[in-house]
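Down below is the structure, laid out as structure tokens.
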Amino acid sequence: MNKHDQLYRFLFESHSVRGELVSVSETYQRMLENHDLPQPVQRLLGELLVAASLLTATLKFNGDITVQIQGDGPVKLAVINGNNQQQMRGTARIDGKVNAAGSLHDMVGNGYMVITVTPTEGERYQGVVALEGETLAECLDAYFKQSEQLPTRLFIRTGIQDGKMAAGGMLLQILPDAQESSDDVLEHLVQLTATIKGEELFTLNAEEILHRLYHEEDVTLYEPQQVEFRCSCSQQRCADTLVTLPDADLQEILHKDGKIDMECEFCGTHYIFDEKDISEIKTVKKEQLH
Ligand SMILES: [Zn+2]
């Protein structure tokens with residue numbers, strides 16, 4: 001029985017290559033519940049979710065990663081944000097009609113992918129790659145080729161399992177201390193991993209998957225990490241955003257609506273601020289400045 005919403009790490013004992021394996025169900029459903037999206041866009045968010053989960057699991061520090069796609073097609077924006085505790089959230093913005101068979105290019109048009117790595121302490125790092133691949137995984141391969149990071153390959157599958165949207169994926173990465181010959185080893189492992197089917201990722205447990213793919217290899221599988229849907233929004237974070245806005249704009253909304261209603265675009269939570277709240281926020285801000 002497959003345990004969903006678990007991120008597994010594994011290591012090839014005879015090679016300087018590490019791996020990851022994830023399949024998301026509950027996390028993915030919870031994310032989709034907050035948005036009314038056509039199925040191709042749901043699939044795209046699933047792919048991004050898997051990518052963000054696999055990428056945050058490579059972090060050696062506390063922090064979060066945002067994987068974002070932007071373009072001039074009907075899907076203006078699709079974004080997933082996740083942290084090293086595997087708490088994930090996501091959203092998409094659509095303007096126009098998305099075809100049922102929507103390929104990545106049909107949906108996003110001419111666009112690019114931005115990957116932002118934000119350590120809890122330290123410098124933020126951002127990488128951008130044009131969306132020239134047929135699939136998100138190809139675009140991620142291009143991203144890793146152009147950035148000076150460890151050679152890394154991702155495999156992403158989405159589909160429908162037991163009547164629900166399902167997504168899963170795998171990652172292979174060369175270890176920092178690897179010899180040059182590891183490129184050939186990685187290529188061999190890539191060929192094996194590429195045979196993974198969505199159904200296998202959604203229904204088999206991690207041991208079975210690793211055995212099917214790499215039965216001639218000595219692979220160590222580590223304890224999994226739980227993946228979950230969680231949004232990091234809060235009244236305080238909204239307040240922090242509000243104080244950066246021009247006073248005249250805030251007063252205009254208060255005058256017109258009697259309150260400021262901020263909706264989190266990830267989870268749909270509404271945060272309401274009235275005139276008293278706004279003046280309190282501003283007083284606190286002033287005190288902090290002095
Ligand atoms: Zn939220």
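The backbone N, Cα and C atoms fix where each Cβ goes, and this holds for glycine too.
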Of the candidates C238, C267, the one sharing a disulfide with C264 in TrEMBL: C267
C233 (disulfide bond) and C264 (disulfide bond), distance between Cα atoms, whole Å: 7
Spatial separation of C231 (disulfide bond) from C267 (disulfide bond) - C-alpha basis, Å: 6
Nonlocal residues around C233 (disulfide bond), in sequence order (Cβ under 8 Å, 6 or more apart): C264, F266, C267, T269, Y271
Protein Cβ atoms within 10 Å of C264 (disulfide bond), excluding its own: 18
